[in-house]
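A.B. asks: First the structure, which I've put down as structure tokens, then a few questions once you've had a look.
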Amino acid sequence: MTGGIAAYKVPLLARDLIKKGYQVRVALTQNAQKYVTVDTMQVLTKQDVYTDFTLQKVAYVPHVHLAQWADLAVVVPATANIIAKMAQGLADDFVSTTLLATPGPILVVPAMNDHMWENPATQRNIAQLKADGKRVLEPAHGFLAEGYAAKGRMPEPIEISQAIDESFQSQDLQEKRIVITAGGTQEDLDPVRYLTNKSSGKMGYALAQIAQARGAHVTLISGPTNLTPPTGVDFQPVRTAQEMQVKVNQVYAQADVVIMAAAVADYLPVQTASQKIKKNQDVWHLELKKNVDILQGLGQAKTHQFLVGFAAETQDLIANGQKKLAKKNLDLLVANDVSRSDIGFNSDQNEVTFLASQQAPRKINKAQKHQIAQAILDEIKARQGW
């Protein structure tokens, strides 16, 4: 970390990476410590934080040890100053010395005033870093600290996190077209109320991010969530089950894989009131009817597509999952127990079981949802022989 105003966003990035299962260690320049404290980063990462050449352990030289430990070094925010140092091979503090000693890949995330970014000297330095094999995540166009909008703003933590994911991914799903549904649907009772469920969309969004990072062309069809769609996916927002059905059917014929991770409402009101229903009676009887069954329709229409369904169960996980697998004509079913408070809906973790026809169930132990997403995509790839 270096001393740019955007440094205040780095704790959010670190937290996201740790949720995904990464080990994160932090080194700060003196100026970076004006924006983010050592204690903050130490509490977040549960690791020592490096600021100078003091030997934390006499067994090793700290900057060399850190440089050799890292599978990827991320310079964020990367000021014009650190970019110039890296381009010229200068090593006059702990961070620049560590970067010079780093044998592995380096991701540089510039953030600065637009005039500093556009300065020919900075552009020469950026070109040199790229020529040296460094990956540069271009700054975004947005509102700067100076009070106006221009190019120079640091990308949001979720975009940086995605770029880090891409650094570790092989492009083994390149040219594959993957459709993923996520989130819950909403079925209106009246203009202000609706039926929905507890789905957060986290599993579907994790699948979309990882599939995109592995080179796939991803269409993400999502019900309402509080999540930001991954960069680079074709994002299609919907609200009701019928809207989701229309969107899925539009892209189904061209899809190689369809992963139905959305929690689609099984029922909807027989009638939707045109005006807000008033609280004028002690008992209110609500009549429901079956909703469209998107997954079963896809199973019936399947030609070449690899079709994946999810089963969120509270009891008899395997038995209920096997029934759904056969009834919906699925190639793979991912079953999970949503009665547990530590996994499933709204949790960052999950524990699932893979079910497929004429094969024994395979359990994937509790892990971060991004790791579960990797396992699901690996399973699809293996079954398809890609």
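For all residues, glycine too, the Cβ spot is worked out from N, Cα and C.
Quantities reported herein were computed from a predicted structural model and do not represent experimental measurements.
According to TrEMBL, the protein carries these features:
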REGION    1-177  region 'Phosphopantothenoylcysteine decarboxylase'
DOMAIN    1-163  domain 'Flavoprotein'
DOMAIN    173-381  domain 'DNA/pantothenate metabolism flavoprotein C-terminal'
REGION    178-386  region 'Phosphopantothenate--cysteine ligase'
BINDING   Asp266, Lys276, Phe310, Lys324, Lys328  CTP binding site
A.B. asks: For Lys276 (CTP binding site), list the number of other Cβ atoms lying within 10 Å of its Cβ atom.
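C.D. replies: I count 11 other Cβ atoms within 10 Å of it.
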A.B. asks: What count of other C-beta atoms do you get within 10 angstroms of the C-beta of Phe310 (CTP binding site), across all chains shown?
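C.D. replies: A count of 25.
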A.B. asks: Counting across all protein chains present, how many other Cβ atoms fall within 10 Å of the Cβ of Lys324 (CTP binding site)?
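C.D. replies: If we count other Cβ atoms within 10 Å of Lys324 (CTP binding site), we arrive at 19.
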A.B. asks: Non-local Cβ contacts of Lys328 (CTP binding site) (under 8 Å, 6 or more apart, same chain)?
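C.D. replies: Listed in sequence order, they are Leu295, Gln296, Leu298, Gly299, Leu307, Gly309.
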A.B. asks: Within the chain of Asp266 (CTP binding site), which residues six or more apart in sequence place their C-beta under 8 angstroms from its C-beta?
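C.D. replies: In sequence order, the residues whose Cβ lies under 8 Å from that of Asp266 (CTP binding site) (at least 6 apart) are Lys290, Asn291.
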A.B. asks: Looking only at the domain 'Flavoprotein' (1-163), report the model's average pLDDT.
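C.D. replies: That stretch averages a pLDDT of 93.
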A.B. asks: Just how spread out is the CTP site if you go by the largest Cα to Cα distance in Å among Asp266, Lys276, Phe310, Lys324, Lys328?
C.D. replies: 37
